[in-house]
Amino acid sequence: MAAAAASALGASAPKALAPADGPIVAGLDKLVNLEGVHDLFEAMRGAYGEDPAWKGLMSCDVVYLKDITTAIGVKDTSVGIFRKFSDGCSWCPTGAECFLSMKDLAYMKAQSAKAQRLTASLATTSNLIARAMRAESELKRARDEERKVDARYKDILEHSLAARKALQKELDETRERELHLLKELGKRSSIRTKAFSFFDWLFMAVVFFLFLHYTSAECVKPDFGCLVVNSNLPVPSLTFHDVMARCYNTFGNIVLSSQIDAARLREECEQSANKFLGTHIGDPAHKVWCENRLETLIPVECDSSEFLEIFTSNLNAFMVSVSQFYKTISYYKLDALVTFAFSAALATNKLKMVMVLPLLLVALYLNVPPITVTIASVIFQPLILPFVGFQLVFPNFLPYNLFVAWVWMVCQAFFSSDGVKLLVSVSTALVQVVFLAVWSISVIVLQQLSIPMVAQILLFVATLTVSVGVKFANSTITVVHPDGNTEKVSRVTLVRQSMAKRISQIKQSLTIRGVIPSGPNRFDSIVVVEGQGGSGVGWRFMNSIFTAGHVVQGSKFVTIKSESTQVKVKVKRVIDLFECVDTLVEIPLTKEFQHIKPLRLAKKVEDSYLQLCAFKPDMVEKASYQGWCTIDSGFIFNSFNTQFGNSGAPYVDSDGRLVGMHLGSQGVISQGVVLVDTLKTQFLAQQSQIDDQLMERIIEGTKVSHAAILTELDRMRTKVEEVALVSARVNQLESQLKDLYEFSSNSIKCLSDDIEKMVCAQLFDEINLQSVMEKISALPPTEKLAKLVEVFVEQKKKGKTKRTARGGKHALGKKYLSKAHFSRMRMLTEEEYNKMVEDGFSPDEIKEVVDQLREQAWQNYLIDNDIGEDDDLDWYDDMLEDERLNEEIDRRVEAALEDRGELAYQKIRRTFVDQALIHLITLKKGNWQTTKVECQPEREEAYKEQFQKAVKQEDLTEGTSYAIYSAGDATILIENKEIDHTEIKPVTTGAKTVQEYPKDARTTVATFDDNKKDIVKTKRTTEIVLEQRKKTCRTCGETRPHNHKMCRDRHTRRFCFWCGVVHSDVEGHSRDLKCPKCSAGFANLREMEQHAVTTCSKN
């Protein structure tokens, strides 16, 4: 009970109080009046303490002692009266409202409400603590279940590891057998290779000896002149001068007979003789001289034939014989007979041969190409051959034949098979029917086109070759890379990649300085980046935008522009570049720029022609620069002219891959930096840690049957569900426990300061130290202290507030609080203390008032708990003993921590008063400003004058300004006044140096003698308003927010089955949406279809 006997004197009540039956005025529960109440209570308790009426009065929440014989009490909503009569005391629990005035009754109800709130808070706190303990018990039980599940899974894992070892052993044995088989295969291959090599050499020897030709005596080379050999090769003829050059005074030269023109040689010889001899033309002596000269130059003529000419003549004769044989076969239709025999031989069994022979006879009789029957004998089963014969005889009944064949084959496959074979048999039957349809159409086409037999065979072979070749080219092969990774690709893809790589290598090898190669431009990968200091070029790599550091230097937010879209984005991080004064800035990629194509890193970095993708000076139109670039020590040097705003632009090679980034121009040389190695290290691919486990499970799965796998999956799925339920329950309990603790702490904070401290101390003793103190209570005093030190060392390591020895003693021996608790209890709030200071109370007067309030609280506590004051007269000695034990505990805790090598001190949180001499704070909408001064005691008065000038008398909105001046014990706090921050300036008189650091906050440091410093720090913070992102719809052109996908669908033109024309949803239907039966109208086709299917009565 909060004994409110001292709070119910109506004479001191303010005049502006509400009626008793109205709402209780705020603040009445804080009023108290101690004048004479204590003496009156002592007198009445001494006179009526044993009377039941007095005990009934003391059971009330609030008691008002009117005089020595009359008292009024309030319990819940009832007002009772205590009276002293001559024959005794009486207590009436109801009906005493008439004895109080309206104001006194309001006081009493306010005090009663306070007591009820306290009782309800204590009950709620106890309930919450009980619920928290139950939740903690359930959490412990759930964790035990989780540990059991973990143990079961551990057993499963051990079993899996054992199975893995067995599989590994079996795999090793299989590999050994495979190596043995490979050796045997190698031996056989070696023998086969030697045999093939022998036949190759034999063939080459035969060909070599066949090409040799016979020689005779007349084909021997003469000692003087040339040897003429017969030949029909088409070569140009020789002149007389050529013959002289080759055959005069030479040995062993050979001339072909096709090069010798006798008439031409005689004519040219006579002309040469007339010219050199100087005689007249036509002199007979010249003819004789020329004939003798030619006989001398060409003395021998060889008339032998070579093997090639003999072989050619024999081949021509063979071809003539083959042509005559073919004409004979065509005349007597012997090709059909050959095909007949060939088809009969292709039959795989006797039944098929018996069924194919009639088909061949029918084909010969009906003049059907025998090649078709040959193909049918190979691809069709015996059961479908009757349908093949029917199709040969009656080609016009193809649909009926296919229908009957389909029914017959499916029924036969169903009734003749069972189990898994049933599906295979039915599928095979359907394939046979499809082949029958294709074969029948092919027969009709061949009959109509009258294609020769040879052409038919070639057509069949070509079709088979193309189909098999395409299938082989598209087949998948497994490529094993040197790092152990495997990749499945098709043969066509592999060949295409190899050719592309080879072409790229050839292209790079042909790159010559001076000839600029053509390459793709990457304008679709760059954007404009604007910062506080200027603008530049950005480019996309993976899922980020990158640019140079000096483009956005000093900017936390940058603007990215691309065409008509611009977004303001926060910088993600800054990457340092090796041996470079500039940096690389990474900006996150937003959803508005997902269409920007990313760049890929170059595979090879070397001196070559590079392309710089950038913007023109207007930062709208895109431009590219291309030229020879030299790479040296990670930097790129080029000689082409760049412009302002090209910083951050990417360098790409002839394949469009990223090489580096442009930094700027110095004179006639432009400089960039290579980024390939930097970006590779910044975005390392995460290595998979479960590849081996997956491979082991795959190998294990190949050894397990399908049924076993399904059983194991069901079992594992059940265990996973159990784990999920346990985890969900654990999370739920932890969440409930957290909510309970938060709600409990919030409830405790609502209590008054004095009761809160008592309740917290009691809860701490009951919850945290109960189990520990029960063990310590049985120890001797010295061992108790050592045990307490161990407990407090662990609490100090965890950062918890050290519990005093007073608390421990209270939990061990005392049942009630001592007076020492009330001697340090806080009785005044900051508002009450400031009010008393403003009213002119001195510190001694305030201390006296606080001591009286503490004494009154102590007396109320004694009355509520029915404790005599003589029961606890040694409270002062207990307080001194507690302080002594505190010091001993601190000393032992620090010594224990030092022995462990751990720090014994913790960082103390400094308040505004502890931080600086002056602290000014101004809060306004959109921006706020703070000023902080730290100085030496010699200049406190000078800064105090600045503080008084800075704080103006104009009032501001509550909570918008704070001014604090703290010098030793003197502290001044002024709120909600206009503050001029410019009045606070550093006092530099006598300072050695004055330094100013103009960063985000302007800091001025003045250094005096003995390195003493005064620091004045002023900071203005402006709220950054992000620019609203706007995006124009490409379909309708509007900028208002709406679903762009739905808008695009509504504007897409499609064929409408109802209207019979192409239109979009926006254009609407050209035909009214009415039911053809009942003429009911609808808003869309879906409603009309639903009506026609379900609700239309006439349909």
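Backbone N, Cα and C atoms are what each Cβ position is placed from, and that goes for glycine too.
Taken from Swiss-Prot as is:
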ACT_SITE  HIS550  active site, charge relay system
ACT_SITE  ASP582  active site, charge relay system
ACT_SITE  SER647  active site, charge relay system
MOD_RES   TYR833  O-(5'-phospho-RNA)-tyrosine
TRANSMEM  195-215  transmembrane segment
TRANSMEM  329-348  transmembrane segment
TRANSMEM  353-373  transmembrane segment
TRANSMEM  397-417  transmembrane segment
TRANSMEM  426-446  transmembrane segment
TRANSMEM  450-470  transmembrane segment
Cβ-Cβ under 8 Å from SER647 (active site, charge relay system), same chain, 6 or more residues apart: which ones?
GLY536, VAL537, THR547, ALA548, HIS550, VAL551, HIS662, LEU663, GLY664
What residues in the same chain, six or more past the boundaries of the transmembrane segment (426-446), come closer than 8 Å to it by Cβ-Cβ distance?
368-369, 372, 375-376, 379-381, 384, 387-388, 391-392, 395, 398, 401-402, 405-406, 409-410, 412-414, 417, 456
I'd like the number of other C-beta atoms within 10 A of the C-beta of HIS550 (active site, charge relay system), please.
19
Measuring Cα to Cα, tell me the gap between ASP582 (active site, charge relay system) and TYR833 (O-(5'-phospho-RNA)-tyrosine) in whole angstrom.
58
Name the secondary structure element type, per DSSP in three states, that contains ASP582 (active site, charge relay system).
coil
What's the most sparsely packed of the recorded positions ASP582, TYR833, counting other C-beta atoms within 10 A?
TYR833
Three-state secondary structure, HIS550 (active site, charge relay system) (per DSSP):
helix
